[in-house]
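Worksheet for the structure shown next.
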């Protein structure tokens, strides 16, 4: 409830707003003034009706009547004074009561709005707490399941862990065995070195055309020796078998199976290498027999050729470091430095 009053100043209008208390006070004062005027008019009418003058009969009676009227007026004034005092006190107290009532109404409305806000905040907080509890329960359920099961792992995780542990253990054991093998140098290792040296010597004796094949065989033989060394090292590895009832295969059993597979493959490769070695040995024997045949043929020819024809030839001694080349008949050829051979 608001009222306004306009005032005109220097070419502009100024609007003055009243407070609710002032507006209610002015409204109540207007009502009181109109009510007071009505009451005063009614009292005057009553007085005129009560105190109408009687017809004048004589002078003495007039004086008496005037005295009586004055007395009655004094009495009436005395009786009206407390009534006016009570009315003024009531008129002063009524705007205060109205203002207090309006203020109380305003407080009630404001408190209601605040209570509504508080209820909304309470509902929001309850929803937030419920969501937080649900999230915490969801996070705690996998941890509780792991604790209840005694930290059980899934099969995939266990297989990954087993493979990693197996690799680490196998690498450490192999390193230890290799170090022991290098320090001890068993007889198998020495035999392998002897084989390599013999093969190198035989390959040096072969002619130039067959050196490519001999290189391949040499490479295969070296691989064979390495595989034998690996077999020796694997024979020293301790076989440890640990049975696990929860899961299917133990890592040590897997290690054993892998070693068996490797051994079978290595044996197959060894068989192939042995066959290749046998072929090379056969070829070497054939070449040696051919060389011996050529030597025998040369001796026979030397015995049968007359001395006059042998004068033009100078034989190359295999023990001598140098060999002189001279004119040789077309049907014969001199050999290289280290051995002699003739071809027709």
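Cβ from N, Cα, C; glycine included.
Proximity of residue 19 (phosphothreonine) to non-local residues of its own chain (separation of 6 or more, Cβ distance below 8 Å) is seen for none. The phosphothreonine feature in Swiss-Prot is assigned to 19 (among others).
Look at Swiss-Prot and you will find 79 (among others) tagged as phosphoserine.
The phosphothreonine feature in Swiss-Prot is assigned to 84 (among others); the stated evidence is experimental evidence.
Here Swiss-Prot flags 94 (among others) as phosphoserine, drawing on experimental evidence. The DSSP secondary structure for residue 94 (phosphoserine) is helix.
As annotated by Swiss-Prot, phosphothreonine applies to 193 (among others), with the evidence given as experimental evidence.
Feature annotation from Swiss-Prot assigns phosphothreonine to 217 (among others).
Here Swiss-Prot flags 235 (among others) as phosphoserine.
For 262-297, the entry in Swiss-Prot reads coiled coil, with the evidence type sequence analysis.
For 308 (among others), the entry in Swiss-Prot reads phosphoserine, with the evidence type experimental evidence.
Residues or ranges marked as phosphoserine by Swiss-Prot: 309 (among others).
Annotation comment: Swiss-Prot describes 320 (among others) as phosphoserine, evidence class experimental evidence.
Feature annotation from Swiss-Prot assigns phosphoserine to 321 (among others).
Under the heading phosphoserine, Swiss-Prot lists 336 (among others), citing experimental evidence as support.
Per-residue pLDDT, averaged along the coiled coil (262-297), amounts to 90 for this model. Neighbours of residue 94 (phosphoserine), defined as other CB atoms within 10 A of its CB across all chains, total 16.
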